[in-house]
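Feature annotations, courtesy of TrEMBL:
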- 469-579: domain 'TMC' (DOMAIN)
- 1-29: region 'Disordered' (REGION)
- 243-264: transmembrane segment (TRANSMEM)
- 344-364: transmembrane segment (TRANSMEM)
- 384-408: transmembrane segment (TRANSMEM)
- 420-443: transmembrane segment (TRANSMEM)
- 534-560: transmembrane segment (TRANSMEM)
- 581-607: transmembrane segment (TRANSMEM)
- 649-671: transmembrane segment (TRANSMEM)
Amino acid sequence: MEGNQTWESQAWAPSRDWLGPRETRTGPSLASVLNELPSAATLRYRGPGVLPWGTLEEDEDDDEGRSIQAFAEAAQMELHESHPSRELPWPMQARRAYRKSQAREQVTYGSGSRAAHWIRLLSRTKEKMKEGLQTLKPWAWTLKKIGGQFGAGTESYFSLLRFLLFLNLTSSVIQVCMKLLPTWLGGPPPGPPGSDTSSLCGSYSPQTHGLVSFPTQLFNLLSGEGYLEWSPLFYGFYPPRSYLAVTYLCSVFATGLICLLLILHRSVSGLKQTLLAESGVLTSYSHRVFSAWDFGLCGEEHVRLRQRIILYELQVELEEAVVRRRAAGQTLGQRAKVWLVRGLFQLLVLALLGAAVYGVYWVTGYTVTLQETAVVQQTPLLKLAVNYLPSIFISGVNLVLPHVFKFIAPLEGYTRSRQVVLILLRTVALRLTSLLFLLISLWGQITCGGDATADGCKTCGYNYKELPCWETRLGQEMYKLVLFDLLMCLAVTLLYQFPRKILCGLCPGALGRLAGTQEFQVPDEVLGLMYSQTVVWVGSFFCPLLPLINTAKFLLLFYLKKITIFSTCSPASRTFRASMANFFFPIMLLLGLAFSALPVLYSIFLIPPSKLCGPFREKSSIWAQIPESIESLPQTAQNILYFLGTQAFAVPLLLISSILMAYTVALANSYGRLISELKRQIETEARNKVFLAQRAVVLNSQNGAF
């Protein structure tokens, strides 16, 4: 350790230069000034090696060597603690000497230091691999360019679209491996049942043969009937094999679990950004001005993009600051008026939602009546329009009411970010409730309105006369919703947005101003993604290849929206925080996933499966296949699986989970208190700087007077 004494004296030697004879200085002593600081009255942590205020100055004539020795001893104490050199409050020369000393100690101590070296090497390798995976993400440059030109909120939409594309691709791989491969590896699946095949639950004969006209082919493609009805696209195609039934059912739970974990991971990372943004730590103007610039940028285009991103962030901060300042200056009467207006608008929104969901329920029931008329049966195009009537009504409601919500939100006096969140929540409620009432209407048709004693449901437990394969019928409805949503996106882009841009460019006068410039509406687009993904989650059990169709749809949608935003749209005037979007978008996905689990689990546990199609035919319920498969296992495996469902396993698991949760909450509270204390210290240091600046001005004015 002899070398340590050398570098200590050399590293800390420059700290003596500011010491000078007391006789050369006039005015109040440094100790008296420092003792007047706001932080001098508080007990605070100043770190090792920092002496009390004024110690060096008071003892500089007699105890100068002792003071420097105190610094050296404090530095020596810090040497025994393992800290990265960048975290030590030392001069650069002392840090370099410290790193050299650590290197010498590693050679001296041998294996222990080698283990620490390997641990650091593994952590660095992990960081480099993480950075490499970040660079492998598709469309990274495209997203950065969109964020620089249209703001971070628009970039968050494309980031969410990329995430959903990956999610659907993962689900498609699971569906293919656990449904299609077992089907084909077990031999060729049997063909569709013929018209002469009948049982106590009626007959089922999908029309898959014979020459048909082009309108009929188009109708079959868009409705999922005809040759598509008995294909791997739908539930009824899969044969009744025990191992296939198990993998078919397990794929549903595996897909749901993987989607849940991925969305939770994304929402947790977004939550950190949102909490920091809401706390004001990272959204202050000083952070934007002094810490937001990336000095590693190369190229003029990258510099311009970064400038635009900072500009949008400052714009969001200024807009929200104006709203908060206006709200803080309101009187009690003005606040009561604002809350009254918000309550009235909430009642209006609830009335609109109620009218929309009742319309969905009525249209779904009326569609069944129209399908039975002779005119509809004889006209393929009219039959197609009637089959798509619920989808058309739902898409129309989802197209009109969000604009009403968007008109109402600014009148309620919220900030831009809160307005976006409010529009998102209301539109989510609209889309999910409309989908819910569509499923309730279909459930009424399948179960005879929940009356098991009705004539149509008495024999088999479901309406076998009208819906001999009700799972395929549900899959066809979800298939039509996904397909119609894609057709609506294409129609809006090709028949409205591009012609409007052309009209605005060719007519610079009053007609061009009437057309106006288009803005990319992030809330509407995000809710469209969430609605489409929820439909896929609901329908993936009844239409196994629906995630694959949605993958192709999202891939097409990404490039379509990219072309649209760069060629027809201008930067949005309604800006909002990207951190809030990164948190609320996954929350909306979690809500959609929880919503989609309800009809799927209800169908698995409570509705009897179809007796003429699917891998679960002749079973009392879809879930009944799992207990039967467990009984075929060895006795030891059966005992283990049955033990997992007993109270002897559930109660200890609940206790352990409660203990871990309590520990996590206590740890979070301690971290919260530490963060609060650090914030108070930062505020105290800021007041210290203001106080010292004021004293410096006073002393300069006094010296000038003399």
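Cβ atoms are placed via backbone N, Cα and C, with glycine included.
Caution: TrEMBL annotation is automatic and unverified by curators.
Here the structure is a predicted model, which means the values were calculated and not measured.
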Pop the mean pLDDT for the domain 'TMC' (469-579) in here, whole number is fine.
81
Feature contact check the transmembrane segment (420-443) with the transmembrane segment (344-364), CB under 8 Å, 3 or more pairs:
yes
At least three Cβ pairs under 8 Å linking the transmembrane segment (384-408) and the transmembrane segment (243-264), pairs spaced 6 or more in sequence?
no
Cβ contacts under 8 Å made by the transmembrane segment (649-671) with residues that lie 6+ beyond its boundaries:
643
